[in-house]
Amino acid sequence: MAIIGTSSFAQNAPTIIPIETRQNVLVLQTDKENHLGITYFGKKLSQAAEYKLIPSQSRQRDGNAGIYNSAYTPAGTWNVSEPALQLTHGDGNKSLDLVYVSHNKAKENDNVSVTSIVLKDPVYAVEVTLFYKTYFQENVVEQWSVIKSEEKKPITLEKYASANLYFIAKDYYLTHYNGTWAKEMNPEEELLTAGIRVLDSKLGTRANLYQPPTFSLSFDKPATENEGKVLLATLAWSGNFKMEFEVDSYHNLRLIAGINPYSSEYPLASKQEFKTPSFIYTFSENGKGEASRNLHNWARKYRILDGEGTRMTLLNNWEATYFDFNEAKLSELFKDGKKLGVDLFLLDDGWFANKYPRNSDGAGLGDWQENVKKLPNGIGYLVKEAQKTGIKFGIWVEPEMVNPKSELYEKHPDWVIKQPQRPEHYMRNQLPLDLSNPEVQDFVYGILDKLFTENPDIAYIKWDCNATTFNPYSAYLEKNKHAQSKLFVDYVKGLYKVLEKLRAKYPKVPMMLCSGGGGRVDYEALKYFTEFWPSDNTDPLERIFMQWEYSYFFPSIALSAHVTDWGKQPLKFRTDVAMMGRLGYDIVVSHLNEKDLQFSQQAVVNYNAVKDIIFQGDLFRLVDPKKNDYAALMYATKSKSKAILFSYLVGNRNGAGSDTPIRLEGLDASKNYKVRELNLYPGTKSAIKEDQVYSGEYLMTAGFNPVVNARRTSVVLEIEAM
Ligand code: DGJ
């Protein structure tokens with residue numbers, strides 16, 4: 001790694017560091033005192049030499065109030081605005097200054113580079129390295145920082161953000177998401193006004209129950225799908241997060257994002273390093289559509305486990321049986337899965353614990369031995385039975401949690417997160433185990449390792465996490481004289497250690513990241529998981545809206561979507577909605593009438609034929625269900641030779657539906673296409689003429705009407721070049 005810029009503490013010539021992707025640039029520049037600021041963020045200039053013309057501080061400097069555009073704002077010296085890094089030195093002093101020392105750019109390959117910038121405190125032995133990893137083609141930046149102290153005594157990190165950005169625009173529109181169980185991903189867009197707007201979580205585990213660490217930020221005016229300047233961003237961290245949006249007195253915007261400092265002061269011994277999680281973002285001048293395709297391209301290629309692979313269809317028994325099953329019942333369900341045509345049977349909650357059997361969510365969690373009454377012949381027998389039926393076998397676990405009514409709790413009360421002197425407080429009758437404790441990490445790893453060792457043919461894992469952290473306290477940290485304030489951070493680090501070890505031994509087994517629905521959806525966890533469970537709410541009408549919002553940040557290959565009995569819509573509608581993700585079923589197949597079964601069998605065949613387009617294609621959101629009485633979106637292959645269009649009726653007013661053509665996107669204007677309807681319910685006829693040929697230009701300019709209406713409430717079209 002060549003050092004391409006260095007400077008002593010007192011240098012006048014500015015150092016300019018452009019962090020470039022194919023379309024965008026973040027320009028960093030030192031000022032006269034060698035403080036590093038952000039002078040520009042946005043579309044790349046064609047002449048890089050002109051970055052030096054951008055004034056470093058003229059608009060951002062206030063004589064008394066410090067520099068506003070800092071690339072990593074320190075606390076306790078010249079800066080009086082919200083800091084990115086705040087700490088207490090070994091001698092108790094709380095001041096910090098950070099000046100530029102050097103930077104270098106290391107190329108990992110033709111597409112990926114990492115620029116690292118070293119900043120140092122001129123007085124105390126504290127060093128911060130800012131990292132900007134760029135994915136050039138995808139226009140994605142992954143940013144984190146590493147904080148290091150060489151002071152003799154330990155320092156305490158009080159706030160340690162991953163990223164500090166600075167934007168200059170006319171106005172800022174923030175879209176963020178709120179929700180709770182079964183009501184995930186409700187967007188709200190707001191104009192940011194002076195002061196600080198905070199998005200955060202303090203829940204510890206199931207940290208995204210009320211809010212995910214994702215947002216979009218439009219500049220000047222609200223961005224639409226195809227117009228406007230917009231940043232899509234997310235923090236890759238499965239715990240507490242905090243994102244601060246501060247519109248300052250110049251109407252510029254400072255963004256600070258990272259681990260939530262709430263109750264999380266982190267001691268750092270001499271020569272130790274603290275690496276913050278990654279803040280991941282992309283920017284587009286052409287609206288949210290392009291920005292989200294940037295993220296999808298990046299996530300599939302570089303982040304989600306097996307993101308460029310494929311996914312299996314499955315039959316899950318949760319809603320079909322809940323806790324009430326036995327071997328005979330399951331064997332019947334294997335046959336049902338086979339009849340349906342799915343690849344895999346997924347056995348959900350309720351298969352374990354004996355002293356306190358897991359017959360409800362009130363007992364047994366933590367005791368990971370097969371329940372001998374329900375499964376006298378163990379998991380091994382089930383795997384074989386499933387295989388005999390011609391279907392793969394997957395299994396549910398919730399390894400981070402414990403019911404007080406369990407042998408695990410009786411044996412290891414010190415492994416449980418709870419306050420020793422206070423009454424316990426539960427969510428879903430359970431408590432998190434203390435993953436800051438290495439023994440607990442081994443226990444959690446051991447649950448999965450035992451399952452795989454004894455049953456190497458287990459083909460899928462659903463990893464659940466159903467409780468937030470109340471009464472945070474770790475007996476382990478106490479016993480080892482560590483600060484309790486490390487718990488929230490060390491829990492997440494402990495979780496990643498387990499997942500890392502698991503993936504080292506079992507790199508390929510698909511795993512669903514489930515947290516009672518969207519309680520844990522982030523890009524650090526998705527390094528280890530192939531998909532996530534967006535919500536327990538599988539009412540297809542609700543899912544259209546939720547999946548729409550998730551789709552800004554996550555590609556369809558990562559989104560599990562099941563056909564269930566939620567909602568009032570017909571089976572076709574439920575199926576057509578679930579097809580927008582990794583398709584699964586959670587229904588009693590034997591209750592389907594003949595036509596429904598026939599429809600479903602054909603739908604699985606159809607899905608298998610087109611799922612690669614949905615997983616790997618470019619997504620275009622065409623008609624927004626929030627603003628219309630129907631929704632339409634399409635996936636097109638990169639070669640523009642095939643596309644799948646989904647449209648759904650979401651309103652029921654008289655005449656609701658697609659009465660005008662929709663302009664399609666992602667096709668080749670010069671190619672000719674035919675349009676064919678998929679998933680027709682037996683006995684119905686399509687309103688679409690299959691033999692008509694359309695040019696790509698026609699479909700994208702004059703448009704095409706899928707004819708979705710009260711009689712055809714969901715329509716799936718295959719568009720294929722001839
Ligand atoms: C919550 C999950 O979201 C459900 O799908 C199911 O697995 C239950 N937990 C089982 O307890």
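From the backbone N, Cα and C atoms, a Cβ is placed for every residue, glycine too.
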Matching residue for the substrate site, where TrEMBL names W181, D348, D349, R428, K462, W463, D464, C465, N466, C514 - out of D200, D367, D536: D536
Cβ-based isolation winner (fewest other Cβ atoms within 10 Å) among the recorded positions D349, D464, D536: D536
Inter-residue C-alpha distance, W181 (substrate binding site) and D464 (active site, nucleophile) (nearest angstrom): 14
Assigned conformation of K462 (substrate binding site) - DSSP reduced to three states: strand
Those recorded positions in W181, D349, D536 whose CB falls under 6 A of ligand 1, listed in sequence order: D349, D536
Reported mean pLDDT - the domain 'Glycosyl hydrolase family 36 C-terminal' (631-715): 97
Alpha-carbon distance [D464 (active site, nucleophile); D536 (active site, proton donor)] in Å: 12
Alpha-carbon distance [D349 (substrate binding site); D464 (active site, nucleophile)] in Å: 9
